[in-house]
Amino acid sequence: MTQPQQRVYQAWKGDNRFFFGGRLIFGPDVKSLGVSVALIVVPVAFFCVFVARHLRHRFRAYDAGYAILVVAVVYTIYVLLLLFITAGRDPGIVPRASHPPEEDIHYDDLSLTDTPARLQFPRVKEVIVNGMPVKVKYCETCMVYRPPRCSHCSICNNCVERFDHHCPWVGQCIGKRNYRYFFLFVSSSTLLCIYLFAILALYIKFLMDGDYPTVWKALKHSPASLALMIYCFISVWFVGGLTGFHTYLISTNQTTYENFQYRSDGRPNVYDQGCLSNFQEVVFAKIQPSKHKFRAHIQEEVQALPAIGAGDVEEERVGGPRAKVGDDLDIDSDLLKISQRKHGDIDIEMGVGDAN
């Protein structure tokens, strides 16, 4: 009875986690995604219960107070959707090779004791990008020369195209195929924090216009508003700082990884094509399909045997060893005869000498 053939995601060599039969791919630290969801959902839930609920009837015209609650809920769902799209898709993983690149191996100084693991080939190559030479490195884990702007993630154990960084809050590498959604997630989270903070300030203003004339009395009446304002203030510095930093990276066509490299090495940025072109490339260009079909069945590699006939196989299996043994016996008998003949001649000579 034949066993069911494995799929690609079942024999995956990286450290990724797959869900729903290989339809979703996450990083090994996917549990941190739950923390990020909680940091978004819990404050919004407190906002809806303790603040937005009291503002439903504050705007009589067209019942606009309900819009505050609806916008908060819908926008939060949008932010969560961006988060899951960023975390659950292939970031641009480069396919691994089954053996080192043979065309780059040096055979000049090889001896008979060399094995494929000891073959020498260049670890760095130069390619031309926008008329400028760029060095690409060989990855010993994936056994490929990394494309330009590609790096090997030590957490996911994959080479990722246009590698930016591995985000612990998302639990996934940020690369060529999910960087756009990551930027939208960070910027949308910033706008959500600003929206919540503005509505909270408006609610405190309404309390001050009513029975609580001072800020302290208003905050004392609604401690949840005070806690949410502090949380939003701290959060907006974090996600807002990321939004500003990645806006700068997009405008100069850099990645986080390259930004630190350019600072230390002082190398020029060969990918910068102008602010508008850079934004168009990152934000509006078509995303290339994944180079992996995780649900596809593994195609086993079958190596072709040398073309030999059935008679040769039978001779190799049966006649070959016996013929070899027979030849060895014939050689041994001939050597024995020669040895006896020599010893006989020596005896005759010795007898003649005694007679004389």
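Cβ atoms here come from the backbone N, Cα and C positions, even for glycine.
Note that the structure is predicted; figures quoted are calculated from it, not measured.
Feature annotation from TrEMBL assigns domain 'Palmitoyltransferase DHHC' to 137-261. DSSP labels the residues of the domain 'Palmitoyltransferase DHHC' (137-261) in these numbers: 74 helix, 17 strand, 34 coil.
According to TrEMBL, the transmembrane segment annotation covers 33-52 (among others). Counting residues 6+ beyond its ends, the transmembrane segment (33-52) has Cβ neighbours under 8 Å at 26, 68-69, 72-73, 76, 79-80, 83, 87, 169-171, 189, 192, 196, 199-200, 203, 222, 224-225, 227-228, 231-232, 235 in the same chain.
For the transmembrane segment (64-86), the residues of the chain that approach it from at least six positions outside its boundaries are 33, 36-37, 40-41, 44, 47-48, 52-53, 55-58, 167, 170, 172, 174, 178, 181-182, 184-185, 188-189, 191-192, 195-196, 199, judged by C-beta separation under 8 angstroms. The transmembrane segment feature in TrEMBL is assigned to 64-86 (among others).
Taken from TrEMBL, the feature transmembrane segment covers 181-204 (among others). Panel annotation: around the transmembrane segment (181-204), residues 40, 43-44, 47, 51-52, 54-55, 68, 71-72, 75-76, 78-79, 82-83, 85-86, 89, 164, 167, 170, 174, 215, 218-219, 222, 225, 228-229, 232-233, 235-236, 239-240, 242-243, 246-247, 250, 282-283 of the same chain, lying at least six beyond its termini, place a Cβ under 8 Å from a Cβ of the stretch.
Under the heading transmembrane segment, TrEMBL lists 224-245 (among others).
Beyond its flanks by at least six residues, the transmembrane segment (224-245) meets 39, 43, 46-47, 50-51, 183, 186-187, 189-190, 193-194, 196-197, 200-201, 203-204, 218 of its own chain at Cβ-Cβ distances under 8 Å.
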